[in-house]
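Features as listed in Swiss-Prot:
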type: DISULFID; residues: CYS235-CYS237; note: disulfide bond
type: DISULFID; residues: CYS268-CYS271; note: disulfide bond
Amino acid sequence: MDKLIKTISASGAFRAYVLDCTETVRYAQERHHTLSSSTVALGRTLIANQILAANQKGDSKVTVKVIGDSSFGHIISVADTKGHVKGYIQNPGVDIKKTATGEVLVGPFMGQGHFVTITDYGTGNPYTSTTPLITGEIGEDLAYYLTESEQTPSAVGLNVLLDQEDKVKVAGGFMLQVLPGASVEEISHYEKRIQEMPAISTLLASENHIDALLAAIYGEEPYKRLAEEQLSFQCDCSRERFASALMSLPKADLLTMLNEDKGAEIVCQFCGTKYQFDQTDLEVLINDKA
């Protein structure tokens, strides 16, 4: 089971989240049939979204839109405060060769664009914030968003490692944030630690990457585990929801589906589940609409 662990330094000056999202990203790859680069880009976005949702309280939902002008198109993800996330990438077929060190390139194929977050508190007035893409590598873009939009200096590392067959081997990451009251010396100390940290891909390749991430962040310094939360890919789509969507269409469109198409098939963008509505189903909807 995937998990997110919330921690805080003994001094109370910093907090860190570390995540294992391997099963989540693996499931997303299976549902969307993504090729290598698309898998990594989508996976990083899902991880980033789970970090943002973990910062919220109550029954909030956070939507992340990574909107680029290059090969990937846009990536959309939605996460809630219960550890559930869903998402899709506009172009699942980007398959760029790895670098000499085995890294999968993402930034060059995201292009220029924006990192958009929409936080829904359930009050009917969602809050939207937009920052420019800095590198298109997702992790740096999330860190920039947190620092600029939420005014919380942050360091973020996240990645998806693939095996020889380009299947998800491991996925995860971390977020480190400065809390109010941190001294200049403490901030300087942690900045130096972050600069000296091994690459996120190296940490994820460790036998126990959760422990490796925590060790890289805190070293020998004491810290406290605040909570451990389970994470998973879970879509809330349903036949009833799509039936309601069909009901919202003009009657003429439903009649066209009935008489010309002999039915309708709706595919959920977020998870790929297909819902079939035969002629009898459409007749019921048309009658209910009358």
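Just so it is clear, glycine is given a Cβ too, placed from its N, Cα and C backbone atoms.
A distance of 7 Å separates the Cα atom of CYS237 (disulfide bond) from that of CYS268 (disulfide bond).
According to DSSP, CYS235 (disulfide bond) is assigned to coil rather than to any helix or strand. Other Cβ atoms within 10 Å of the Cβ of CYS271 (disulfide bond), summed over all protein chains shown, number 18. Comparing CYS235 (disulfide bond) with CYS271 (disulfide bond), their Cα atoms are 6 Å apart once rounded.
Counting only same-chain residues six or more apart in sequence, the Cβ atoms lying under 8 angstroms from the Cβ of CYS268 (disulfide bond) belong to CYS235, CYS237, PHE242, LYS274, TYR275. Neighbour count (other Cβ atoms within 10 Å of the Cβ, all protein chains): 17 for CYS237 (disulfide bond).
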